[in-house]
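Enquirer: My structure is below; once you've seen it, I'll send some questions.
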Amino acid sequence: MTSRLFALIPCAGTGSRSGAAMPKQYRTVAGRDMLHFSLAAFDACSEFAQTLVVIAPDDAHFDARRFGGLRFAVRRSGGASRQASVLNGLHALAEFGAHDDDWVLVHDAARPGITPALIRTLVGALKDDTVGGIMALPVADTLKRIDANSADGRIARTEARDGLWQAQTPQMFRIGMLRAAILRAQADGHDLTDEASAIEWLGHAPKLVQGSLRNFKVTYPEDFDLAEAILSRPAVS
């Protein structure tokens, strides 16, 4: 049986670093809620069986009417961490007929620059892989490590950037493998910040697939202006 594709977008975070009272996934960017752009990108990929959005149980900001015409489902099963929300989402995918051998692409709602072309590039690179992998970019900037004992932000040393990549999303893995990896990490007392870290914790080596600068993560207040500029122009294939 051919493995199917599912998308999972954890949306239970509060976006505290963005400096806004409203979670950043619902902030307006280029005339739309930020979440809209990720949903639209996956909706344009008809090969996906379902896109599932996981929100906090007490989320008062989500309004499905703002995403009219897009194909997705919602579950109010967000956890206290990203890892917990993703795990709950993996369990919920079974409601839509997902099996352990099917693929899931986990994507940050705060990366509105994702495009159908990027999604298909990732799927094409990984659909026959034994482990899976992630979108990522080679680190371009010089990296400095801060002196932990410095009160005014002094540099302790410069880190070599050779071989370093910056993780992006989507991150694509088999549902069964990712669930097992997260459960192992939880059992070992580790709350990991992305899915690849959990797969690594299980002893596997995910593959890196070249991403795009437009697929950056909106994190700080000034990032919204950059996202506005990017999303106001058509994506270049």
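Glycine is no exception: its Cβ is also placed from the backbone N, Cα and C atoms.
Fair warning: this is a prediction, and the values are worked out from it, not measured in the lab.
So Swiss-Prot has the following annotated:
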| type | residues | note |
| --- | --- | --- |
| SITE | R17 | site 'Transition state stabilizer' |
| SITE | K24 | site 'Transition state stabilizer' |
| SITE | R161 | site 'Positions MEP for the nucleophilic attack' |
| SITE | K217 | site 'Positions MEP for the nucleophilic attack' |
Enquirer: Going by a 10 angstroms cut-off between Cβ atoms, which of the recorded sites K24, R161 has the sparsest surroundings?
Expert: R161
Enquirer: Give the number of CB atoms, excluding that of K217 (site 'Positions MEP for the nucleophilic attack') itself, located within 10 Å of its CB.
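Expert: Other Cβ atoms found within 10 Å: 18.
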Enquirer: Expressed to the nearest Å, what is the distance separating K24 (site 'Transition state stabilizer') and K217 (site 'Positions MEP for the nucleophilic attack') at their Cα atoms?
Expert: 11
Enquirer: Helix, strand or coil: which one is K24 (site 'Transition state stabilizer') in, per DSSP?
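Expert: For K24 (site 'Transition state stabilizer') - judged by DSSP and reduced to three states - the answer is helix.
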Enquirer: Measuring Cα to Cα, how far is K217 (site 'Positions MEP for the nucleophilic attack') from R161 (site 'Positions MEP for the nucleophilic attack') in Å?
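Expert: That comes out at 20 Å between the alpha carbons.
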